[in-house]
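Taken straight from Swiss-Prot:
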- 59-87: disulfide bond (DISULFID)
- 65-222: disulfide bond (DISULFID)
- 68-226: domain 'GG-type lectin' (DOMAIN)
- 1-33: signal peptide (SIGNAL)
């Protein structure tokens, strides 16, 4: 028996109304008071708005450097396992990834005016020849920046001349550097005062972080460009 025309219309209207209510509940339309469908499958933790990540600047510094300053980060090696890093103006000058670091002293020479890398080398201070290091740092030109990061042992092969040259570059700690100490330093040829950029931790069995080695050091900052470099 077929439904009469008016009854058909009533059934159609009711069907449309029910469908609209169901869709509104699932999609959470305006004023529905129901959560949206995707929220039904989302954990409370994931719905929390993530805190904005702190912005990092060149070499990972938390603040930008002033004009006419160079951003840097120097990290010493950790024991004899993790190599050191030297970053300048967001460019990695020395690291294990670049395969240009080694046991001893890792040194990058930089033009203090332009900020361009002049040369980067590692010097073995346990079994190497200290004369190689002396030939590297003796002829530095005025205004050359010197970045140093230790790895494993920075001092066994050091002699008085080596310590004196680093002291003239602005180091306070070169004269007392010893076997397996951790050391990071930034100096320059021609400075009149001691550098503010230096950290040193003595190798001591009472305070070492690693078995046989002190903690790794990390130093960052902004270096003013030199006025002259020849």
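Cβ from N, Cα, C; glycine included.
Residue 59 (disulfide bond) and residue 222 (disulfide bond) have their C-alpha atoms 11 Å apart, to the nearest angstrom. Within the model, the domain 'GG-type lectin' (68-226) shows a mean pLDDT value of 96, rounded to a whole number. In sequence order, 59, 60, 72, 73, 74, 93 are the residues near residue 87 (disulfide bond), counting only same-chain partners six or more apart with C-beta under 8 A. In the three-state DSSP assignment, the secondary structure recorded for residue 59 (disulfide bond) is helix.
Look at residue 65 (disulfide bond): DSSP puts it in coil.
In the three-state DSSP assignment, the secondary structure recorded for residue 222 (disulfide bond) is strand. Here the disulfide-bonded residues are 59, 65, 222, and the one ringed by the most other CB atoms within 10 angstroms is 59.
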